[in-house]
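Participant: Sending over a structure as structure tokens; questions will come in a sec.
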Amino acid sequence: MARVPEPTSEVMSYGYSDNENDLFFEADGPGKMKCCFQDLNNSYLEEEGIQLQISHQLHNKSLSHFVSVIVALEKLKKISVPCSLPLQGDDLMNVFHCIFEEEPIILEKCDDNAFVHDAPPRSLDCKFQDINQKSLVLYNSYELRALHLNGTSVNQQAVFRMTFVQEDEDITKIPVALCIKEKNLYLSCVMKDGKPTLQLEMLDPKVYPKKRMEKRFVFNKTEIKKKVEFESSQFPNWYISTSQAEAMPVFLGNNRGGHDITDFTMELSS
């Protein structure tokens, strides 16, 4: 590591501090600085009057010794010395090239999943009705049913928290997770008795929702003419569906556009 040479007694006689760093932190610097560099048996750099003294005893050097190298070189640019050419920025670069060795920095590929919790996912509170105006209602704690509500019974309508999640799917579809607000009950798609089935799962609110949900909780939302439908990401071509009959369970069906209802209207909830 290079450092600024120790000041000679000749420099000390000019009334400056015996602290070597003070020579370079003065506003204008000592007028006869070049004398500090005349009697050292070190290599010259392009005969510009700059010398480097290499220290092999780094254990007793404070931070100020190393900082002095940079400060001193900046001061030398402003000091008048009998040189054929003024000290230039390129000359300073040559000094640093003698001191430091450049090494490449190899960046390892980062795992995107490690940063999914940096920011909470965006979500909306909303209510749903099928196109026959049947509302979705939580029934017996772990079952969703679709039925017509009126009067005071409208308060039974379930409020959902729709969370926008990350999925590598068709960009024309929006991946979301659906949770019954206040209950932490998430709609999920699982295989039961050889058939894709819709169910409700209670999840830890300290962990969920998250940006990358397990695939069984993800639905690809599509909106056409103010009507929305939700296709299971776990089971493509299977949709959240309701029956034409009253007060029947909401289920997962693959009869899109048929007798079963797969289109819903969405109302934002405050």
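Any Cβ shown, glycine's included, is placed from N, Cα and C.
The structure displayed is predicted, hence computed values, not measured ones.
Among the features that Swiss-Prot reports, site 'Important for interaction with integrin' is placed at LYS173, LYS181, LYS183, LYS192, LYS206.
Describe the structural surroundings of these features, if you would.
Facilitator: Sequence-distant neighbours of LYS173 (site 'Important for interaction with integrin') (same chain, 6+ apart, CB under 8 A from its CB) are ASN220, LYS221, THR222, GLU231. LYS173 (site 'Important for interaction with integrin') falls within neither a helix nor a strand when secondary structure is assigned with DSSP, and so counts as coil.
For LYS181 (site 'Important for interaction with integrin'), the same-chain residues 6+ apart in sequence whose C-beta sits under 8 angstroms from its C-beta are ASP125, ALA158, VAL159, PHE160, ARG161.
Look at LYS183 (site 'Important for interaction with integrin'): DSSP puts it in coil. Neighbour count (other Cβ atoms within 10 Å of the Cβ, all protein chains): 15 for LYS183 (site 'Important for interaction with integrin').
For LYS192 (site 'Important for interaction with integrin'), the same-chain residues lying six or more positions away in sequence with a CB closer than 8 A to its CB are GLN199.
Around LYS206 (site 'Important for interaction with integrin'), there are no C-beta neighbours below 8 angstroms that are at least 6 residues distant in the chain.
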